[in-house]
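Enquirer: Supplied in structure tokens, the structure appears directly below.
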């Protein structure tokens, strides 16, 4: 009923007859409950007897099994003479004694049972003595002596007696158990029947009593409620109210009395109805101002003169709410207001709860009174309008008279002004003629100047063209030099990395150190090349700036994470702080700002041998943020403060200088600062340290500063960077055992959503916006789970996933991928626990986090092995066994379905050849039937598969392994990946197998890779990376040879992936890629471009030509392998 709760509680109290009825029903339930308790007690006693019988049967089977184990150990030792074969015998003897003690302790009051146990014990002792004698003879003499004792069958008779006695006891126990189970079933059925009947009878009696007593009271309460409502609406209509006031009071009364939070009141105006008042409607709601008769539900109600209730209204209707949220009413009442058969108004009310017809009746009962009030208000409004119109007309007449008098005076004044204007025009005409003569003379002078300027512009254009041509020559020279330098550097770095890794272990520590030194020197040379190219781009105007919103706290954290370890290695302090009043976000180019800060911090750490280095971020006025890098290093003298910002200049440039470097860092910093519309200031005292302060505008469009300044040594610097505090975040609050989620997402808004959801579920959250940052953070913090975006600015998220799963420290971390593109099959095959396509709803993300939370709470993993061969089944079970894995092994499809129906598993290892069904039909059954759980499937079969069969299996299985020499390692690798097991916690044997498995990459095993490269050194380097991991390498020296190799490969031995250099003779890599993409058979062939030119737009050109991905030389071995694994077809 649509009344308020307090009114309902007052008007619907339960009287004495109702209470008496409920007491009677309660008494009935107490009696039946007493009977139910007795039945349950009988059932419990029967269950306990069945359990004891089952335990006895297990003890019999255990004793017989232990005797077999002892006999097996004896036979193995006698045959081989190896002491290790006695382990089953020794262990079985210990367990046999315990089992016999347990059997003797049971059924002490049963003489027949005790006699059987005593007989069993005698025969067991006889058998054990016979086993011990033969073992001793084999140990002291030889095999033939022991064999001569065995063939006397001394122990066989004892063993047969044991089997016979245990068999008799087993038959007796099974018979006893069957009788007890029958009694237990009878007790259960009796209990269930009596309980159901009692419940049904009690419920029926309760409902009958309540219905009879309530029916008589309902009618009187309803009439009283209607009368109260009519009186209330009459009180609300009292007074001289306007139409709008009247509508508001009517809506307020109905809202309070009917508990309906939203409503609208429309009054008749002309041929339609105008909205007069609303209640509970938001100011921005789309509510019609008026409607016509027959227009919509409101117009139809006015036309039919009939009220109605509308339930379960669809989407698109008005919403209402408060500061805590908005909600749409689920039910509406629409009612016309009638007076003498005429519709004067229409009222519409909305409710969240189902409406009673009683509410509609109240509105219809009060319709006449409301209609009279509306008509009276209209009459009052008409009289007021007539009075105001009369007053307005009188005021207009008076105003028009005054305006006429003023107009006459203005006409007289204008006449005098016209005469004065005429005389002034005559004077101006004479002055204008004189001015025209002067202008003609000036025009001739300007024409002469224009000719001179035109000749000057032509000369300037020629100079500009020459300058542009020189700049182009410089850019081309640098690009070619970059290629020529990077190409030999690429092979040097790759080979140095392979030597430093020492995969075969045949190098001495000193030789490994030599290789690491070569690699380090090569990286230093690469840094120098990049600095020269950066400076050249800036000078040529080719450096693009891309402003974006940058979160200061996160960037300062990144700097701290990068430079704190470097400072620690030098035994100096490092501090990173953000002032609490500092703006959270600035608009600038994040990449270039980070490059400036990295240059300054790198110099600060390099030139500081004791003390500390500090980076501070603070508010600098209303429009700027300052970044201060403070060190206690060697400082800078006055004469060097200006020159250090020039290219190739250092404070100490002598041949005996202590610190290395090219002197380009601060020059690049200066130019980047100008591009960011920022300024950099230097304060330094030789021997005491330096402070570089970068002033960055909060909004990129506001910045105008482009100068370099030095500060004098005074206290003003402290004022400008004072009050810098620390910024709290999850990185600082993470403890050793904290539940942590790493969010890898470059979209700041979406990352914030994931951060807040993780916090709601009790997780600490780390956020990384790039692939490199994600890998560093994952290795440093080892999060509990990772949410990964694919489209990252510096590398593919799939590459991050691959590198995480290839690292033994991070491969156990569950990773859920969320991306705008569909790479689900690749991600899942790389080891992701799930994949979701953007856009996603908040509820879907919350479900993902909850599933990840469930995985983290799962301590024991369950694996189902489906293999028909018993030997193979036991071998797989032993291979996968560990302390946190429960393994269930079955031999048929029927057993598999039974297990999947009754319980769930984290992973299933399936052989395709089963005695009662094929593995493929089993997978189809699991995919179609909801009665069975369907875990991730690893197909492990000795059957050779056609391409069509493999494609069909790929719909159900994430991994297919063909049995062979290396297949156990691959199987162990795949299962531990799906179960997210920590490698360091696995048994040593399994850790060694995984190490061997990773040396031969399963994704690359047997796949043909075409290397298109004109430099033999790079071919040699790439071959030494790929071939040891199982790949088949074919080479081509240019684009034409690559096309010939593609044509000659054929379908029997196709090329799986191409590594394509860009700059080559005869046909370059871009042209070759375009030619490959023209052939429809090669449209999907993965192509990864490799280039050493490293100039702008290289990546865009490669992708436009048809490449799948791009990598600049010198190549990072791990990144290259990751890209190859990601794009390699499966």
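Using the three backbone atoms N, Cα and C, a Cβ is placed for every residue, glycine included.
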Enquirer: Need the matching range: TrEMBL marks transmembrane segment on one of 16-37, 38-59, and I'd like to know which.
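Expert: It is 16-37 that TrEMBL annotates as transmembrane segment.
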Enquirer: When you get a sec, could you say which of 148-169, 170-191, 192-213, 214-235 is annotated transmembrane segment by TrEMBL?
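Expert: That would be 192-213, the stretch labelled transmembrane segment in TrEMBL.
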Enquirer: Could you tell me which three-state DSSP class residue 1061 (4-aspartylphosphate) falls into?
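Expert: The three-state answer is strand.
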Enquirer: Could you list the residues of the same chain, at least six apart in sequence, whose Cβ is under 8 A from the Cβ of residue 789 (4-aspartylphosphate)?
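Expert: The list for residue 789 (4-aspartylphosphate) reads 744, 745, 746, 747, 797, 817, 818, 819, given in order along the sequence.
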Enquirer: To the nearest whole angstrom, what is the C-alpha distance linking residue 1061 (4-aspartylphosphate) and residue 911 (4-aspartylphosphate)?
Expert: 43
Enquirer: Summarise the domain 'Response regulatory' (862-978) by DSSP state, stating how many residues are helix, strand and coil.
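Expert: Secondary-structure composition of the domain 'Response regulatory' (862-978): 51 helix, 26 strand, 40 coil.
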Enquirer: Where DSSP helix means H, G or I and strand means E or B, what are the helix, strand and coil counts for the compositional bias 'Basic and acidic residues' (402-423)?
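Expert: Per DSSP, the residues of the compositional bias 'Basic and acidic residues' (402-423) fall into 22 helix, 0 strand, 0 coil.
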Enquirer: Going by DSSP, how much of the domain 'Response regulatory' (1008-1128) is helix, how much is strand and how much is coil, in residues?
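Expert: DSSP classes over the domain 'Response regulatory' (1008-1128) add up to 57 helix, 24 strand, 40 coil.
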Enquirer: Taking the Cβ of residue 911 (4-aspartylphosphate) as the reference point, list residues of the same chain whose Cβ is under 8 angstroms away and which are at least six residues distant in sequence.
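Expert: Residues satisfying the criterion: 866, 867, 868, 869, 872, 919, 940, 941, 942.
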Enquirer: Which three-state DSSP class does residue 789 (4-aspartylphosphate) fall into?
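Expert: Going by the DSSP assignment, residue 789 (4-aspartylphosphate) belongs to neither helix nor strand, so it counts as coil.
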